[in-house]
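If you look up Swiss-Prot, you'll see 128, 129, 130, 131, 132 marked as S-adenosyl-L-methionine binding site.
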C-alpha cells in the first residue's frame, strides 16, 4: 500500500525542525516557515491555514534550503510584514525587524495623544526611513498626521515610495543629516532607526551582517557616528517640547542618552531596552538654540 503524501502541515513541522537545527530560534523558524509556505501557496500568511491539509507546494523546499543558508525569509519572498502590513523589498534594501514595532507603537500613541489634545495635523519625520516601515505605518495608523520620510539609498527610497502609495506618507531620497531645512523648529515628532553597529562588531545574526546593506548597519568605531548626526538633525527639526524616538543597540543603553545629555539641547533623554535592542526617548528643551 502506497504511503500517503505528506501534507503541508507535516512539511512545516519538518522544516521548522531543520531551521532550529541550523541555529535559528524556534519562534523565528516557525514564522519563517509559514512565510515561505504562504509564498509558495500564493496566499497571505493569514490565509495559510486553509492550505495546511493539502499537498506541499513544489517551491516550498527550495525556499527552505535557501533559508538554511541563513538568507532571510523576507529576502527570499521579496517582502516583509510589519505590524500586520506588507512591505515590498528590493535587493540592497534593509529588512525591517520586529523590534522596531515597539518604537513605532510608541510613536503612534504619541501622535494620537497630540490629536486628542487638539493638534490638527501633527508633523512627524522619519530619518533613515529604509523601505518606509515606520513612516508608512504611522500614516496608516494616524491618518490625521503629516508624515515625511527621508532615505539616502536610492533603492530603499524607491521601495519606500512604492510602499507609501495611498497612505499619505511622503518619502524623499536624500541625506538625513540635511533633512527638510524648511521645517526647522516646527516638527512634533522625529523617529529614526539609524545605523548603529560599531565597525568590527560581529554579534548580529548572519541574516543581518551578510544580507543587509552595509550603509544601513555600520556607524564608526563606537557605533555612534550616525546617532550623533541624528541628534543634531532632530534638535534642528523639533519644536520646543518635541520628541525624538531613536532605536539603538542594546550595548548603547548608557552611551546614547549620555551623548544627548551632554549637548544641553534636551530636557529629557533616557533609553530603555526593547526585545533585542534599545530605544531612546528625548524631549527637545525650550532654552538651548538649535545647532547651526
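The chain as shown is numbered from 1 upward.
The backbone N, Cα and C atoms fix where each Cβ goes, and this holds for glycine too.
Positions of the features from Swiss-Prot, shown on the structure.
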residue : record                               : Cβ contacts under 8 Å, 6 or more apart
129     : S-adenosyl-L-methionine binding site : 135, 149, 150, 151, 156, 157, 160, 171
131     : S-adenosyl-L-methionine binding site : 80, 87, 88, 89, 90, 93, 94, 96, 156, 159, 160, 163
132     : S-adenosyl-L-methionine binding site : 87, 126, 149, 151, 159, 160, 161, 163, 164, 169, 171
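Every protein chain shown contributes to the tally, and the Cβ of residue 128 (S-adenosyl-L-methionine binding site) ends up with 29 other Cβ atoms within 10 Å. Neighbours of the S-adenosyl-L-methionine site: apart from 128, 129, 130, 131, 132, residues of the same chain with C-beta atoms within 8 angstroms of the site's C-beta centroid are 94, 126, 133, 134, 135, 149, 151, 156, 157, 159, 160, 171, 193.
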